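One structure is given here, and the rest of the page talks about it.
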Amino acid sequence: MVLGVLPSLLVSICIRVFSVAAVICTILVLPVNYYGRDRKHKNIPFESLEVFTIENVKEGSEWLWAHCLALYIITLTACTLLYFEYKCITNLRLLHITSSQPNPSHFAILVRGIPWSPDQSYCETVKKFFSFYHPSTYLSHQIVYKSGSVQKLKDDAEYMCKMLSSGCGSMEQTCKPSFAQCYFCGGSTNSFKIISNETDSIHGRTGYSDVHLNARKKECAAAFVFFKSRYAALTVAQSLQTSNPMLWVTDLAPEPQDVYWSNLCIPYKQLWIRKITTFAASVTFVLVFLIPVTFAQGLTQLDKLEKMFPFLTGMLQKKFVIQLVTGYLPSVILVLFLYAVPPVVMLFSTMEGCVSRSERKTSACSKFLYFTIWNVFFVNVFAGSVISQLAVFSSLTELPAQLAKAVPAQATYFTTYVLSSGWASLAFEIMQLFPLFCNLFQRFILGYNEDTINGFLTFPYHTEVPRILLFGFLGFTCSILAPLILPFLLFYFVLAYLVYRNQILNVYIKKYDSGGQLWPIAHNTTVLSLLVAQVIALGVFGIKQSPVASGFTFPLLICTVLFHQYCRQRFLPIFKNNATQVLIDMDRRDERCGRMEQIYEQLTSAYCQFSSSNQSECFSSQGEREDVRTPQDMEKANEMTEDISWPPVIHSFDKPVKGGK
């Protein structure tokens, strides 16, 4: 297995955990469920699925210790694998930081909430502040300008109008026809003066002056500030700059390829309002989504359908129609509605004001994950009207009992959902239907001969990672209640490992490196799945009147919570901040190698907001560099770029190097 690929890591953990779960549940749990009651059994293919669930075990059965033992084995296996994977990914993250060549984000911080001054621009304010309060470590800065497609078109149009208006007067003077006598043929001439140099001067004068005249109009209250060492940047980023926490807000800068420029222009004081608004919109979206989920689950209740639609009574009595309507159709309807969720949660994450693409995708991943777990699991478990769903949670003490009654009854639906959503999603992932249709539309309708989508496909972490975690959630919660779901899940994870490995290696393009930031979400969700499975098991053991099994489940809950807290204290801080010891060692190593000057030269160009044609504007905003670069400077910068590339990562967490182990 290639390290550094989060979907492959998650899938490999699920394969190992559910392989153990499938063996244990087949040997211990399934026979107990099947022979739980004294009844006459038919042939296995003709048996009802309820016979293989824990519902078939009679109350007060002494064989419920098998379910408790299986739960202990599954939890111990999952926690052991989670611990070693968390430790391995933490070491890889440290190795990713220390063994890679100099990263400009380690020397830079992002400053927002720059106070407005009527006497000076934001650029001058930033230079004055950091030169005064951090004189020994401050290097330079790069102000952030208003960006976006509309703003760029507006600036280009304004620039062309000024250039043409400035050039018309000079052209009227310098391009007048000359009727002097031609000394070669004796006739008059109608010649024009060569104005290339004057045009160049107009272009240079207009372009250079516009940068300074319109700088304050285009500047945003945000900037990238560069320091002379990694430790200095880390210290400033983690400290409070002024007594007003809403001004001069400093954070670690994202990598240059990871910056989401359009959100940097959002005033910092608006962020808390945006987060509250986004949270309210997300809750509203979840409540609105209850309508299709409730409708889909209503199809499983034939008696209600016959009352609502009497003309379907004869059709709903056919065996094929019953299997189609109650088994497959609800899952298909839910899957179709879920395809509209990822664009919405990505829009919500953009509205929050995330300053990096990885942060935006991580936020969308969390929203989509909680959304799917809530709608696919809890809402379907408590299917019915919205009022009855809310009434279930009126008493938290009754929650385990309610889950214990509802989850085994929905085991058939969850098994069907794995088939309809899991296997179908892998088929769609291989075929890439949306890029395929876009390519066909461009070729046959628009007449494009080249593939414009090639090179722009990035792995959809915000949809695939929540899907894997959702299936893991279903596997943990249903493993001892309905063991027949495990073979289908195991087959899905084996197939998913092959598909995701191929897609990441051969199809998708890596544009930035998140450094494994999605792994804490995966770890937390897996632990949550274990806790929910234990709470449901506790409720089941209470309903089945097994005090021994219930008594042994309480210590398992406590141990799982303690394990989670230990991992949070031991590993999570490394994903939140960089270690001071590591950064100081890297600074000293670069000083000994004499690479600091080359790094300083590259910092200013690493976070250039505009294209190469507009780099003069980018460099004019520097606190210590106001000149426009000459061709000799460009050639020298290109030579330095060949020596230090940004950032040539050895251990990638988003896409591995082929053949790496």
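Start at 1 and count along the chain as shown; that gives each residue its number.
Just so it is clear, glycine is given a Cβ too, placed from its N, Cα and C backbone atoms.
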TrEMBL annotation (transmembrane segment) - matching range among 213-234, 279-300: 279-300
Cβ contacts under 8 Å made by the transmembrane segment (468-500) with residues that lie 6+ beyond its boundaries: 5, 7-8, 10-12, 14-15, 17-19, 21-22, 25-26, 29-30, 33, 49, 52-54, 67, 70-71, 74, 78, 369, 372-373, 376-377, 407-408, 411, 414-415, 417-419, 422-423, 426, 429-430, 521-522, 525-526, 528-530, 532-533, 536-537, 540
Secondary structure tally of the domain 'CSC1/OSCA1-like N-terminal transmembrane' (11-85) (DSSP, helix then strand then coil): 56 helix, 0 strand, 19 coil
